[in-house]
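Before any comments, here is the structure.
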Amino acid sequence: MPSNMFIQADKKKRLSLDVIGQLEDDLEADPLDYNKWNKLIQQVLAKDKEEQVKSVFNKYLNIFNFDQWCNYINYQLNRGEFQEVEQLFSKCLPITDHVELCRLYVSYVRRTNDVITGGEKARGIVVQAFEFAVTKVGIDISSGDLWNDYLDFLKAWTPAATWEQQQKTDLIRRVYKRFLVIPTEKIEQVWSTYTKWENEVNASSANKFIAEKSSEFMDARSWNTEWHNATERSLRREVIPIGIHNDNNNLVHTQLQLWYKWIALERENKLNLKDDSSVQQRIEYVYKQAIMALPFVPELWFKFNKFWLRSNEEANSNKCIELLNEALVLNPRSYLLTFQLSEMYEKDNTINKATETYDNLITFLTNDYNNINNQIESITNRELNNKKQEENTGEENNNENDDSDNDDNDDDDSFKNPTFQLSEEDALLLSKLQEKKDELNKAITLVYTKLMMACKRSRGIKEARGVFKQARNNFEAIGYEFYVENALMEYHSDNLKTASKIFELGMKHFKKQGEFLLAYLDFLIMINKGESIKVLFEQGLTALLQDVNIENENSNGDITSGANMRLQESKSKENIKKKNCIKKLIKKFSRYQSVYGDLDLIKSLDSRYEEYFPDDDSIELFSDRYRGHSIDVIKHFDLGKEDTSHEEIDTTAQETKRRKIQNPTVDEFTPEVSNNNNQHTNNKDAVQNQQQPQNFVGNTIYNLLRVLPNSSYFGPPSDHLFNNTKLVELFGNLPNVPTE
């Protein structure tokens, strides 16, 4: 897709009345905005500046090469630019199957070949144009008007001789026979017109000709009824300029299913076509219409490509590559299409093209990542500046206060938050941006990983190492998965030393990433490095525990605003994930020790687990050690619980607790709990909430919790994890405070 599509080298600020300029700027930022393109085209057509119109249409058609051709050609026809028109027809007709475009083409041919002045030669050219058009789009259910145009043209011919009259009759009958077997929208009306015409030509032979086509007509009429039922009379043939992800009204999904029903109907061959190639032609035609109507749905392009490959992979290979390249112009961030095209290039042994396809996707994703990162930095920098201004204002006010107010100021200091406050709107936006950033990070990591694997397959380990180096240089935030996959690739290429070094390199960046530690532990177990396993376990466990402790301490700050509570909720989820990683790490090491270690060490691990997670059921760790690959006998037979050992463990699952206290949900992130909140829950939640005390946390307790010191004040580092017993002891030893 071309960059700098509209921006000039000496670009000036747009005037507020410069609608065209503003639209061009918007399209420079988002070249795939179909609606803005249409507005721009309307604006330039109204201005009627030829060079500007041509420039906009050419840029538009480089992206949407299936749309707006009729509009552009009509503009040139109105100006009498017939040479331009012919060039446009030569560009669009080979790549676009559109009924109205073909009708416009025939209309142009008739305009430039007058049968009155041109005679038989002109008539022959027009007939050829009609034949081209009906061959190209005559099977379309909406092609009835084109066929009728053809018939009307033939019927308007006034023969000069008897043999010409017979030739005219034969031509008309031949067109009718082709027309009547195609299930067009007004097929019954066409049949009625045909039977009337046959009787007018020759009543004695009419029944014979009508009987020959009645069976095929009945099939076509029946198909027409089935088609309307399958598409529920709501199929949209015009462009729907949205994709799956912004399909708020479920329009794309609904239309997609209707197109699939049409394709399924064609596969059933209810028209009883004897030639398989005719069935394939109809299916192909429907796919072409579908991708024109839903151009931003990668799934459709993918299935159309697979259809061509199944039909004749060797013959259609080049067509498939062209199709996927067109699809990626409209869906440049599609993983599905990128991976499919790169595989085709790899199979075709054009490796440079395959890597270029990956690089294009990485470029788009990296730009998105950087844009989101800039937005996050902009919000945080703005809030930091606001905080500094507030602090400066506060210092000025303090200098004006009397010394007698010092005690009151000391009391207020205890309520100050060491971090800046975010507005509700900014906090929500920041949370969404961070989620999107994390998602893009994983996506970029995955694409680099697949590129590395493709290079390993096609060019060997040396080329894959080049990708490993390139990715770390180009995208510093690349995820741990990339290191793990590269290390395993080296290992399976008989490079154990290199694999170990890559894991060691990964430890420098991801020592607090539980998923990386688990993968590294699996690797060490696989290569049977006993001492290294123990060292990694202790290092990883220590790093994760420290990280969790820091998060717990940070969470004890002032969270009086709903905005900060949103951020706190996000951090809490992340903290739960880290705790789950700690559990997995201990369980994995415990299972390893149960096979290759000794019982004393296993018991020591049990004690440490219970110390770190005192609220967890002690049976959980014990039963995990004795579960099989496909069955957990303790959980299933002794505890009577559902056996989930064969299922993948959800790393985001909540912690398993001996008892769970369900606090009522607070909709507006305030400390007060309203009885009205239960109205917004489902029946199950309502029953659960009714069982809990109302107003569980009031303002008094909430304000007390705000000013409590963090966990680091309650003892040595080993006690930094929250201990509810010590909190109860603290409350019990508080002196009685007289109330007024």
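The backbone N, Cα and C atoms fix where each Cβ goes, glycine too.
Keep in mind it's a predicted model, so treat the numbers as computed, not measured.
Annotation comment: Swiss-Prot describes 392-413 as compositional bias 'Acidic residues'.
What Swiss-Prot records for 672-688 is compositional bias 'Polar residues'.
The region 'Disordered' annotation in Swiss-Prot covers 381-418 (among others).
The region 'Disordered' annotation in Swiss-Prot covers 668-688 (among others).
Confidence for the repeat 'HAT 4' (167-200), expressed as mean pLDDT, is 95. As annotated by Swiss-Prot, repeat 'HAT 4' applies to 167-200.
Positions annotated as repeat 'HAT 5' by Swiss-Prot: 236-268. Remote same-chain partners of the repeat 'HAT 5' (236-268), defined as residues 6 or more beyond its termini with a Cβ less than 8 Å from a stretch Cβ, comprise 33-35, 64, 67, 142, 223, 226-227, 230, 279, 282-283, 286-287, 289-290, 292-297, 299-300, 331.
Only residues 6 or more beyond the boundaries of the repeat 'HAT 7' (494-526), in the same chain, are considered here, and those with a CB under 8 A from a CB of the stretch are 461, 480, 483-484, 486-488, 532-533, 536-537, 539-540, 543-544, 546-547, 577-578, 580-582, 584-585, 588-589, 592, 651. The feature repeat 'HAT 7' is assigned by Swiss-Prot to 494-526.
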Grouping DSSP H, G, I as helix and E, B as strand, the residues of the repeat 'HAT 5' (236-268) number 17 helix, 0 strand, 16 coil
Determine how many residues of the repeat 'HAT 4' (167-200) DSSP places in helix, in strand and in coil.
28 helix, 0 strand, 6 coil
Its residues classified by DSSP, the repeat 'HAT 7' (494-526) shows 28 helix, 0 strand, 5 coil
